[in-house]
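Trainee: Dumping what TrEMBL says about this protein:
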type: DOMAIN; residues: 31-327; note: domain 'Plant heme peroxidase family profile'
type: SITE; residues: Arg71; note: site 'Transition state stabilizer'
type: ACT_SITE; residues: His75; note: active site, proton acceptor
type: BINDING; residues: Asp76, Val79, Gly81, Asp83, Ser85, Glu94; note: Ca(2+) 1 binding site
Amino acid sequence: MTFHHRHLCLLTTLFTVGCFLIVTADAGYCGLQDNYYQTSCPSAEAVINAVAVANFTSDAFALRFASGLLRMSFHDCHVDGCDASVLLDGPGSEKTAEINHFLTGYEIIDKAKEELEAICPGVVSCADIIAYAARDAIVALNGTRFEVQGGRKDGRVSIASRAESQLPNGDMGVDELTANFALKGLSRDQMVVLSGAHTSAAGHCPGLVKRLYDFRGTGQTDPSMPQAFADQLKFQCPKATFNESVFITMDTFTPFFDTGYYRSLQNHEGVFTSDQSLYDDERTQPLVNTLTDNNLFQAKFGEAMRAMGSIGVNLDGEIRKDCRKVNTVPY
Ligand code: HEM
Ligand SMILES: *[C@@H]1O[C@H](CO)[C@@H](O)[C@H](O)[C@H]1NC(C)=O
Ligand SMILES: *[C@@H]1O[C@H](CO)[C@@H](O)[C@H](O)[C@H]1NC(C)=O
Ligand SMILES: *[C@@H]1O[C@H](CO)[C@@H](O)[C@H](O)[C@H]1NC(C)=O
């Protein structure tokens with residue numbers, strides 16, 4: 001990517017007004033565009049949606065994979081940009097990183113890619129498939145639809161240690177989270193808004209045992225947790241014998257894409273430190289309170305996803321034939 005592109009991305013994410021102007025002029029962030037496949041593969045978005053929805057509705061349990069795809073879009077974009085590096089197989093690739101251990105949805109992307117290659121070979125990038133599928137996941141969870149820009153190209157490099165060093169973790173507080181997002185050109189407010197993705201999310205016991213049993217090396221439970229909430233999480237995640245497959249819902253109200261996450265934080269029932277600190281820190285608490293308005297949350301979330309979807313976009317890469325492998329011959 002040229003310096004000019006990077007500069008434009010940062011400018012547009014920092015100044016919403018500038019971004020709005022550029023988006024309405026149809027240039028989009030970083031050279032991305034709405035309706036990007038309109039002429040090259042008109043059914044692309046519909047095909048991806050059909051594959052995703054077929055998976056989500058295959059059984060009651062499968063709505064789980066909707067939030068998996070949403071997390072995948074974050075884990076793709078936040079590590080060396082939105083370039084589908086998270087999908088590459090191989091020793092030491094991003095998907096082998098501990099932080100990606102519970103990431104799901106790879107097969108949904110494979111299926112969409114297979115169908116797209118059958119109708120418009122070599123046209124739709126894996127990075128764009130992730131971005132569209134994440135939007136469709138939000139809609140399936142009853143969130144509000146937003147336009148997703150297309151035009152990303154796929155990268156050829158995927159390194160586990162880069163996922164570990166670039167992604168934020170659940171033990172972080174507001175300062176660390178803000179600094180982490182700033183490195184990607186995203187503001188503290190956008191960090192708070194994007195954390196709303198946890199409204200239909202599930203965590204797992206391995207990431208929680210420290211907060212429950214050895215908070216900051218004290219051998220104790222995080223004292224800021226309400227007793228009943230801590231007891232319930234300890235019941236779900238017994239100290240030495242927890243079950244890795246147990247889901248801990250991060251919104252204590254509903255499994256839908258709504259404001260329940262922020263209301264959980266107001267009740268001091270944020271599952272990870274990174275969640276609860278958004279309410280406990282006086283700098284971000286006002287925005288948490290504001291985001292309990294569902295219309296506002298949905299609108300802000302869509303805008304923030306468009307910004308996230310433009311991180312480090314690669315306009316000069318390739319269109320992978322198989323999302324799990326780099327092309328061996330130029331496509
Ligand atoms: C603000 C910094 C963030 C931190 C520290 C963070 C941390 C976490 C943690 C610890 C989990 C649970 C992992 C597990 O135990 O399985 C999780 C799950 C999840 N995260 Fe985040 N996250 C952040 C931001 C985001 C963003 C920006 C998105 C998407 C826009 C997102 C979407 C999700 C989803 C959907 C899940 C649940 C996945 C599933 O149910 O399979 N997160 N996150
Ligand atoms: C749905 O997607 C998940 C995640 O990729 C996969 O494990 C599961 O087998 C899929 N279910 C169906 C019915 O295709
Ligand atoms: C789905 O979204 C609509 C519109 O925001 C809302 O009125 C409705 O209550 C939501 N349904 C559920 C089950 O959350
Ligand atoms: C672990 O939890 C999963 C999901 O709740 C459940 O299906 C499975 O039976 C549990 N395994 C054990 C050994 O308890």
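Placement of Cβ uses the backbone N, Cα and C atoms for every residue, glycine included.
I would like each feature placed in context: is it buried or exposed, what are its neighbours, and how far apart are things?
Mentor: In three-state terms derived from DSSP, Arg71 (site 'Transition state stabilizer') belongs to a helical segment.
Around His75 (active site, proton acceptor), taking its Cβ as the centre, 21 other Cβ atoms fall within 10 Å, counting all chains.
In the three-state DSSP scheme, Ser85 (Ca(2+) 1 binding site) falls into the helix class. In sequence order, Asp76, Val79, Ser93, Glu94, Gly155, Val157, Ser158 are the residues near Ser85 (Ca(2+) 1 binding site), counting only same-chain partners six or more apart with C-beta under 8 A.
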Trainee: As a check: which entries in Arg71, His75, Gly81, Asp83, Ser85, Glu94, the recorded positions, place their Cβ less than 6 Å from an atom of ligand 1?
Mentor: Arg71
Trainee: Which chain-mates of Asp83 (Ca(2+) 1 binding site) that are at least 6 residues away have a CB under 8 A from its CB, listed by sequence?
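Mentor: Within the chain, Asp83 (Ca(2+) 1 binding site) has Cβ neighbours under 8 Å at Asp76, Ala127, Arg152, Lys153, Asp154, Gly155, Gly312, Val313, Asn314, Gly317.
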Trainee: Cα-Cα, whole number of Å: Gly81 (Ca(2+) 1 binding site) versus His75 (active site, proton acceptor)?
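Mentor: About 9 Å separate the Cα atoms of these two residues.
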Trainee: Beyond Asp76, Val79, Gly81, Asp83, Ser85, Glu94, what residues of that chain have CB atoms within 8 A of the centre of the Ca(2+) 1 site's CB atoms?
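Mentor: Counting only non-site residues, the set is His75, Cys77, His78, Asp80, Cys82, Ala84, Val86, Gly155, Ser158.
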